[in-house]
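Note sheet for the following structure.
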Amino acid sequence: MRAGRGGVPGSGGLRAPPPPLLLLLLAMLPAAAPRSPALAAAPAGPSVSLYLSEDEVRRLLGLDAELYYVRNDLISHYALSFNLLVPSETNFLHFTWHAKSKVEYKLGFQVDNFVAMGMPQVNISAQGEVPRTLSVFRVELSCTGKVDSEVMILMQLNLTVNSSKNFTVLNFKRRKMCYKKLEEVKTSALDKNTSRTIYDPVHAAPTTSTRVFYISVGVCCAVIFLVAIILAVLHLHSMKRIELDDSISASSSSQGLSQPSTQTTQYLRADTPNNATPITSSSGYPTLRIEKNDLRSVTLLEAKAKVKDIAISRERITLKDVLQEGTFGRIFHGILVDEKDPNKEKQTFVKTVKDQASEVQVTMMLTESCKLRGLHHRNLLPITHVCIEEGEKPMVVLPYMNWGNLKLFLRQCKLVEANNPQAISQQDLVHMAIQIACGMSYLARREVIHRDLAARNCVIDDTLQVKITDNALSRDLFPMDYHCLGDNENRPVRWMALESLVNNEFSSASDVWAFGVTLWELMTLGQTPYVDIDPFEMAAYLKDGYRIAQPINCPDELFAVMACCWALDPEERPKFQQLVQCLTEFHAALGAYV
């Protein structure tokens with residue numbers, strides 16, 4: 001794959017730096033070969049280590065990992081580059097450090113807004129020796145409460161070994177949001193009069209009792225009022241099906257990239273240095289919603305009844321070109337005539353079946369077409385209408401996207417010459433991934449599980465806008481992507497998480513796994529994952545820790561995102577909102593080098 005606008009390895013251009021959240025993930029990876037510069041030291045080395053403990057990282061970031069800045073004299077520039085956001089309610093930071101031989105230190109701070117925050121305080125001296133035993137020092141970051149402002153803090157630590165000329169400077173960047181404190185309410189005249197009456201032994205008890213009574217009543221009323229407002233807001237929020245504006249604006253197509261038509265697929269164990277899985281939040285899915293597949297329990301009459309409210313007359317649909325065709329299913333480019341004004345027309349996709357389709361196949365098409373029904377988001381493509389008239393083959397109508405199926409589009413891009421202006425760049429591919437992650441993040445918030453996320457179940461238009469659609473007819477149109485493992489059900493084995501393969505369990509976490517494979521599809525321009533692996537061996541293969549290898553010219557930071565999605569434990573996979581943030585930051589970093 002030739003590098004487009006992204007400046008990837010092998011392109012000869014500048015390489016974009018990893019975004020902040022990826023820097024943190026990379027900093028927590030197990031150390032491989034010592035590529036980071038070491039502390040200036042004597043030949044034996046002082047063996048200095050400085051890090052945030054697992055408890056401290058969990059308190060600040062919610063991650064179960066230690067964050068090393070220096071490990072046995074090796075400096076982690078990934079970790080030092082991360083500008084850590086300190087929660088506004090957190091006033092203390094704790095650093096763990098030690099050295100095996102004499103190392104002198106000098107500690108200093110810089111704050112960009114002294115009105116919002118005073119100079120940080122520490123419980124150690126400003127200069128001295130790094131302790132020889134494992135020790136913790138505390139940094140206090142207390143706001144003044146005078147203004148609302150984000151404060152940037154720089155902690156500079158100079159480490160000196162053996163002589164004053166032999167030193168290393170470490171800069172730790174932090175930022176914290178400080179808020180203005182509410183002013184205390186001044187005592188009113190009524191309060192003053194009341195304060196004088198409390199010395200009256202006759203009226204003291206009744207007056208205090210009355211005040212407490214009225215205050216209690218007022219507080220109760222206020223609480224009831226607030227609860228009512230909150231319930232009303234939550235109800236309105238759940239009823240509104242608004243499009244969430246959490247995807248970034250589309251980036252334009254630029255200099256193209258092409259990829260060789262063949263690529264030798266390699267597979268790596270998850271614990272090898274080039275395929276290590278970064279640590280992610282263990283609390284990513286506090287309550288996993290697990291579903292079992294029960295489509296075969298629905299009858300054709302029940303399936304038609306569920307879509308009766310969006311049924312339209314067959315006369316309003318005109319079928320044009322056949323876009324895709326399988327054994328029993330077809331997708332047409334269609335025209336939908338407006339019900340009130342026959343002169344108004346809309347272009348549509350029309351999914352339907354051939355005459356030889358069985359009742360089970362028709363039922364499955366209707367049922368799976370309803371997967372995204374009623375959901376509204378710019379990166380989702382739910383059905384809008386159906387035609388279920390007697391004597392006619394059922395039809396499912398969806399909005400039209402003029403570049404069609406994403407998988408077919410990617411494979412077409414692979415055949416395009418490198419100098420073709422319509423070829424897409426790496427930045428465009430990342431932008432597509434962001435859009436898919438945004439749509440899936442919306443589904444996760446609505447507790448909707450897709451079960452079959454893949455490039456084949458997405459569509460794209462000429463502005464490179466991508467939308468996720470259902471998987472109706474996908475088994476028929478992409479038969480090589482589905483396999484039956486002896487249970488009489490065709491499943492997308494190569495896209496499925498281990499718990500889905502073994503226990504037929506699906507959740508938002510299993511959708512995250514499929515997203516990682518979809519991201520791999522994007523970076524390989526539509527290649528098939530695990531193409532050399534027997535579908536019956538996939539579960540054992542994944543259990544042993546093997547994963548698909550890093551695509552050619554795929555940046556390490558982007559492959560780290562994929563690896564996060566393929567953690568065996570569903571709880572350790574990132575949430576879609578975290579993936580949106582990671583990919584958006586990486587997309588911005590690519591754009592900075594265009």
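Placed from the backbone N, Cα and C atoms, the Cβ positions cover glycine too.
For Asp452, the entry in Swiss-Prot reads active site, proton acceptor, with the evidence type sequence analysis. What Swiss-Prot records for Leu323, Gln324, Glu325, Gly326, Thr327, Phe328, Gly329, Arg330, Ile331, Lys351 is ATP binding site, and it gives sequence analysis as the kind of evidence. According to Swiss-Prot, the compositional bias 'Polar residues' annotation covers 272-283. According to Swiss-Prot, the domain 'WIF' annotation covers 50-178, on the basis of sequence analysis. Residues or ranges marked as phosphotyrosine in Swiss-Prot: Tyr482. The topological domain 'Extracellular' annotation in Swiss-Prot covers 35-211. If you look up Swiss-Prot, you'll see 240-594 marked as topological domain 'Cytoplasmic', on the strength of sequence analysis. The transmembrane segment annotation in Swiss-Prot covers 212-239 and is backed by sequence analysis.
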When you tally the Cβ atoms that lie within 10 Å of each candidate's Cβ, which of the binding-site residues (Leu323, Ile331) has the highest tally? Ile331
Between the recorded positions Glu325, Asp452, where is the Cβ count within 10 Å the lowest? Glu325
Mind checking which of Thr327, Gly329, Tyr482 has the fewest other CB atoms within 10 A of its CB? They're the recorded positions. Thr327
Inside 8 A of the center formed by the CB atoms of Leu323, Gln324, Glu325, Gly326, Thr327, Phe328, Gly329, Arg330, Ile331, Lys351, which other residues of the chain have their CB, for the recorded ATP site? Val322, Thr352, Val353, Leu473, Asp476, Leu477
How many Å lie between the Cα of the residue listed as 'active site, proton acceptor' and the Cα of Tyr482 (phosphotyrosine)? 10
Can you check what DSSP calls Leu323 (ATP binding site), collapsed to helix, strand or coil? strand
Where does the residue listed as 'phosphotyrosine' sit by DSSP, helix, strand or coil? coil
If you measure every Cα to Cα pair among Leu323, Gln324, Glu325, Gly326, Thr327, Phe328, Gly329, Arg330, Ile331, Lys351, the residues listed for ATP, what is the largest value in Å? 14
Averaging the pLDDT values of the topological domain 'Extracellular' (35-211) gives 79
How do the residues of the domain 'WIF' (50-178) split into helix, strand and coil according to DSSP? 13 helix, 66 strand, 50 coil
